[in-house]
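See structure below.
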Amino acid sequence: MDTKVGSVDVASPDGEVSSVQTSAVPISHSESTLGRHIARRLVQIGVSDVFSVPGDFNLALLDYLVAEPGLNLIGCCNELNAGYAADGYARSRGVGACVVTFTVGGLSVINAIAGAYSENLPVICIVGGPNSNDYGTNRIIHHTVGLPDFTQELRCFQTVTCFQAVVNDLEDAHELIDKAISTALTESRPVYISVSCNLPTISHPTFSREPIPFSLSPKLSNQMGLEAAIEAAAEFLNKAVKPVMVAGPKLRVAKACDEFVELANSCGYPVAVMPSAKGIFPEEHPRFIGTYWGVVSTPFCAEILESADAYLFAGSVFNDFSSVGYSLLLKKEKAIILQPERVLIGNGPAFGCVLMKDFLIGLSKRLKKNTTAYENYCRIYVPEGKVVKPEPKQALRLNVLFHHIQNMLSGDTVVIAETGDSWFNCQKLKLPKGCGYEFQMQYGSIGWSVGATLGYAQAATDKRVITCIGDGSFQMTAQDISTMIRCGQNNIIFLINNGGYTIEVEIHDGPYNVIKNWNYTALVDAIHNGEGKCWTSKVFCEEELVEAIEMATKEKRDCLCFIEVVVHRADSSRDTLEWGARVAAAGGRAPNPQ
């Protein structure tokens, strides 16, 4: 069976490839240019929106992207947000792309590209580069640090991309671009492509026909290793009394989400998700027990998982954030750790060249059904208490806000949670079938959610994005609200105004965590400026919140809706307090004696 990477067909082992998107418009020799080739390649891999900021080095290339019928060029307010938007787009579509100018644009977008790298997202980052005639000379050009060396930008990108292509010669341009795109898709990481500003308009024989459709060779498991890994894992789990399963974020990279669900269906184990994997496993599944996040786990989830005698972690990422300052009560000898191409059982053995998807399919046929751990969970589970009803016109509390956000969720919505207290409040949301969920846990760059909302909404037009962002994060990237309005998006953005960096306060407080308060609704109204569809509301109590949500979901359902929620500075979740204290303790450890 063929599989897909973005919209690219991956050849099956017998060599057959399905058709890909092609243009009905024939290419004449005059159109056989590098710019046209790049535009067509983006369409072929499933990119229909490209996020950009113009600059003199990329203008000629942008002309070709604008002219391509299958592409929509979206101008962003700054390069950082363009990169965040490509990140959000890749989460929905499978691949994203952004185009910026040389060095001043490239070094601005690089933070977003680093975030995409940390989250295993294939983003094609294209930079308009210097004139090809300037390479190898001793010239100093603008938009650089003033040295006759054009490699500063390239050297920076080498650490946050899996492939770098500097296209300053048409002879190998076709090969370099195709290699870069193929690598992004197969490695599921960003790539960097620099294109000399004078080349996009020039015809060349290698571009004289419609680009040959992409066909990526499939990765295959080592069959003997796969069988040995399945046998060892089945023996390990079948002798356990109360085994459990945990979904991790790299299930998506391994394209093994469906197979993980099938294994859960067949084995009867309770299933938890790591915080960065929320939304990957269906929360309506009968044996879903919540988020495993150490002491800030969903109630009763950690107790079941940490008391298990065997646990299977699929695509897990353990860092100081996900381990709550390295405080998880797990034992390596009880764990099977699955990565996209590797299986580790207890303290050993380890099996390489084993694809996670193949392993899960085979394991589901070998496990005995065991519901013991889930039955234990049912015995100890006590439903969470209801939110205390506030007094009339009482100052709004965060738990009341998220109670109402919960009621907004459906299969037609997606939740995007900004770094900060929204991480913990959004983790508590119960996602109905089909409801998406995204946040950036590994990199944790505050302000990410504004651009990510723009990109995700542009890719998933059948969903309404609900974004929760704090005031400190919003001040980082607020400008691209304007791009959302220009694109006609109907996102609902909850701006939580509590006067500072709440999550930093809980790790280490100081005067630097207090920010200048803005009139956020007035700011968005000014950005709106009467052009496009946008509606704003500032709420201080539950009654006003209910009215705002009613308006946003009914009369203003076709508008971008921005709801500023004013809460007390000290109003944060119990989980934020607990997590912050433990992460602070981990970060504040004294040096080991030398």
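Cβ atoms here come from the backbone N, Cα and C positions, even for glycine.
Marked as region 'Disordered' by TrEMBL: 1-24. What TrEMBL records for 33-138 is domain 'Thiamine pyrophosphate enzyme N-terminal TPP-binding'. Look at TrEMBL and you will find 230-341 tagged as domain 'Thiamine pyrophosphate enzyme central'. Per TrEMBL, domain 'Thiamine pyrophosphate enzyme TPP-binding' is recorded for 440-561. What TrEMBL records for ASP471, ASN498, GLY500 is Mg(2+) binding site.
Cβ contacts within 10 Å of ASP471 (Mg(2+) binding site), excluding its own Cβ and spanning all protein chains shown: 24. The average pLDDT the prediction assigns to the domain 'Thiamine pyrophosphate enzyme central' (230-341) is 95. Within 10 Å of the Cβ of ASN498 (Mg(2+) binding site) there are 23 other Cβ atoms, across all protein chains.
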